Amino acid sequence: MRYPIWRVGVFIAAAVWPLFWLYEAWSAVLGPDPGKVLVDRLGLGTLILLLITLAMTPLQKLSGWAGWIAVRRQLGLWCFAYVVLHLAAYCVFVLGLDWSQLGVELRKRPYIIVGALGFLLLLVLAVTSNRYSQRRLGSRWKKLHRLVYVVLGLGLLHMLWIVRADLKEWAIYASIGALLLVLRIPPVMRRIPRLIAKKPLSATKA
């Protein structure tokens, strides 16, 4: 396994936050509705991990270090783990496992439908994020995994619908997402290695 320390570091960093939040909830420091806080934090954690995952390829192009790509799939699977925890926390703390309330929630809060669509797409991507699926799907695998940008759009819409009034934090994540999308445009992507390659030449001339 390449970059084992890097991979272990990513594992610890991703695993520690849900455990820390659970500890905070158990310690009664999350306010009067700790369950709702957990749901929100896990949802935001999912979005942040998705953005970090999408940043791995541009970072590899910019730096030339293969370690970014080495943890990309790991980060993607952690993103899926977070969204599963987000959904589980919603079912336990918001619905109270009362499935009869789900229809009421869907009518009152249609952003839940948007979130559910994002979850289903992430499920497909997680299930096919292995070498067997890559071999079976061939060139279609890359096309399928471009759905991650649809997931990003759904995640941002889901968050926008929830926050509504205070858009400052949402605007930060949306801007990062937009930048990552621009960096994946083929002409822009092709220019990144050239920009890096020009740096030593410029330094030599100076």
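Every residue gets a Cβ built from N, Cα and C, even glycine.
Sequence annotations record features per position, and here Swiss-Prot assigns transmembrane segment to 10-30 (among others).
Annotated transmembrane segment per Swiss-Prot: 42-62 (among others), in sequence order, evidence recorded as sequence analysis. Sequence-remote contacts of a segment are chain residues at least 6 beyond its ends whose Cβ falls under 8 Å from one of its Cβ atoms, and for the transmembrane segment (42-62) they are 14, 17-18, 21, 68-69, 71-72, 75-76, 78-79, 82-83, 85-86, 89, 115, 148-149, 151-152, 155-156, 158-159, 173, 176-177, 180, 183-184, 189, 192-193, 196.
Taken from Swiss-Prot, the feature transmembrane segment covers 75-95 (among others). Within its own chain, the transmembrane segment (75-95) has Cβ neighbours under 8 Å at 10, 14, 18, 34-36, 38-39, 42-43, 45-46, 49-50, 52-53, 56, 101-102, 105, 118-119, 122-123, 125-126, 129, 148, counting only residues six or more beyond its boundaries.
Swiss-Prot lists 110-130 (among others) with the feature transmembrane segment, giving sequence analysis as the kind of evidence.
Outside the transmembrane segment (147-167), and at least 6 residues removed from its termini, the chain residues within Cβ reach (under 8 Å) are 43-44, 46-47, 50-51, 53-54, 76, 110-111, 114-115, 117-118, 121-122, 124-125, 173-174, 177, 181, 184. The transmembrane segment feature in Swiss-Prot is assigned to 147-167 (among others).
Per Swiss-Prot, the feature transmembrane segment maps to 169-189 (among others).
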